[in-house]
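Colleague: So Swiss-Prot lists the following for this protein:
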ACT_SITE  182  active site
ACT_SITE  222  active site, proton donor/acceptor
BINDING   222, 224  Mg(2+) 2 binding site
REGION    1-42  region 'Disordered'
SITE      343  site 'Interaction with DNA substrate'
């Protein structure tokens, strides 16, 4: 789950040394939104499932703005924007624009626009990929001094096409690509919008990774899967979870969505085939019960205290040695640092590449 005030810039930061320009879009050659070549590249990233971006702006914007100001990310990836795409009833949708077709939607668009024009967000260019209704959707905020060369909104890298429900934003920089996804939930049953949808998604992700191996990748977002037992607070609870007593016929599909053996196995195979590194687990080998999970259940009810790590930064092996830090910024079962969402922000910081390393990454 989105520009014109003077930005707040940290002393000695790249943005402070070089003025940030507006992200002027220009039509490319039919394969995405292409931007001017920029020799500086982002190195600080943040991903967050906002669980309704509008609600976060209305209720939690001050604390989230402070978090962004303090960390000063170059790129912010948002999932579960939950704002509808522009286009009236029965008309083609513009999935890159917020809808203003009704009085309520116009007011909501104005709220988001004002929020994203205020410090520190006025320093970022914003790209949206929105669903037809207030469901799912993603956003990508990139500092204006780090303009991507191209931006796509699908796994097939086709101009103007958006994934159903706005689940993908792919930004191409000079030496790497950044993929922001809101991966579909597995659901509880072998139905078209549950198990089948997730299997198809996982298959397409592998195909995407195989087609784009010419350049290192940073894949972030809500990937809706916990890879290992260490990635959940209560493995037995999640492994035996049921919906209204229903048990899938295949034991590989049993358990909490995001923690079934089938999903976990496919996720592990995807990481291996894509030659990816889980940045957080690369640095944090042991389970951290206070701050090692990105999603937390409702503090009231059976999911109280039940937590999962389902938000990730996966990076190509070529980038492994540049990982400086990868942190989850929520703590405890009371959702401290979650900024109103049921997910907390996750951040990644890379060291600056040497000239030789940059050349090798592009050539490999």
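Placed from the backbone N, Cα and C atoms, the Cβ positions cover glycine too.
Quantities reported herein were computed from a predicted structural model and do not represent experimental measurements.
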Colleague: Look up residue 224 (Mg(2+) 2 binding site) in the DSSP assignment and reduce it to helix, strand or coil.
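Modeller: Its secondary structure by DSSP: coil.
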Colleague: State which of the following recorded positions has the fewest other Cβ atoms within 10 Å around its Cβ: 182, 222, 224.
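Modeller: If we count Cβ atoms within 10 Å for the recorded positions 182, 222, 224, the smallest count is at 224.
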Colleague: Measuring CA to CA, name the entry from the recorded positions 182, 222, 224 that ends up nearest residue 343 (site 'Interaction with DNA substrate').
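Modeller: Nearest by Cα distance to residue 343 (site 'Interaction with DNA substrate'): 222.
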Colleague: For residue 343 (site 'Interaction with DNA substrate'), what is the tally of other C-beta atoms lying within 10 angstroms of its C-beta?
Modeller: 25
Colleague: In whole Å, note down how far the CA of residue 224 (Mg(2+) 2 binding site) lies from the CA of residue 182 (active site).
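Modeller: Distance between the two Cα atoms comes out at 8 Å.
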